[in-house]
Amino acid sequence: MEPRIWLIAGPTASGKSALALRLAEASGAEIVNADSMQLYAGLRVLTAGPGPEETARAPHHLFGSVDPADGWSVGRWLRAASEVIADIRGRGRPVVVVGGTGLYFRALTQGLAEIPEVPADVRAKAAADFERMGEAAFRTRLAEVDPAAAARIAPGDRQRLCRAWEVFAATGQALSDLQRTGAPAIADWSAVALEPPRPALYARCDARLHAMVREGALEEVRALIARNLDPALPAMKAVGVREFAAHLRGETSLEAAVEAAQQETRRYAKRQITWMRGQMAGWPRLTADDHEGQWRQFLAQEPGLTP
């Protein structure tokens, strides 16, 4: 019998990392990251990645392993994750894939088409169009050919908006359609999605920001902005980078920066929940508002596991 694969999805601060670690310890599994921001090195505190204590309790993969200057696509993550999962299972161990990036889970379970390389002149024209038209008009134009991408991509995400348009311009096909085709990378998987009550989730988001400041998030942002990277890179869009960078430049107080980051974290969690409800409607839900309750709910669905 092939080693098990468990998928654990959930919004930020929902408790999914704690559940994944407990499951890994109970089953002997290794943990694979499916969070697009926890990929990047130097942002462990800001992205709530695993620390030395967690990594000592179970092997973790694809956390903090990518330079922020190297922006990864969904396809690149899928190739890396598929290799890691195959290696873990080849050694006879189960796998827990955990994160909050819905596109990663969709690519893993439904497949991802090989998207042709976009010519440099098409990329340049998309970027120029964005600057000329502005985000609102550019998004409206994108919605005419790829409404799913236009609705899904977060405000201010120039890179993904341009990417969606340039793929259509180069291929004549919507990026959203291409992302739905291809062979699944894994089979015979089990999944849960965490969706604690909204008030408890938001309170946890707020508390987490204060803890991040105490644990060194400002120092991480200071080191990141000192590199003068392209602001369109994915790592530069991590929640807290823009807000804390404004404080470090003397443009706002620390209190105001924390409040702004808390608000953006809640918005991000809401977008993740919306994605889960639309794209993971068939995944069993864990709705408890604490780690113990979530673990009990999980065990009820996995009677073969022992606490």
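Here the Cβ of each residue, glycine as well, is placed from N, Cα and C on the backbone.
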Among 27-30, 35-38, 59-62, 303-306, Swiss-Prot marks as region 'Interaction with substrate tRNA' the stretch 35-38
According to Swiss-Prot, region 'Interaction with substrate tRNA' applies to one of these ranges: 54-58, 159-163, 204-208, 239-243. Which one is it?
159-163
Counting each residue once, how many in the region 'Interaction with substrate tRNA' (35-38) are helix, strand and coil under DSSP?
0 helix, 0 strand, 4 coil
Sequence-distant contacts of the region 'Interaction with substrate tRNA' (35-38), meaning Cβ under 8 Å and at least 6 residues beyond its ends, amount to 47-49, 63-64, 72, 77, 98-101, 103-104, 234-235, 238-239
Rounded to a whole angstrom, what is the C-alpha distance between Ser17 (ATP binding site) and Arg123 (site 'Interaction with substrate tRNA')?
37
How many whole Å apart are the CA atoms of Gly10 (ATP binding site) and Arg123 (site 'Interaction with substrate tRNA')?
33
For Gly15 (ATP binding site) and Arg123 (site 'Interaction with substrate tRNA'), the CA-to-CA distance in whole Å is 39
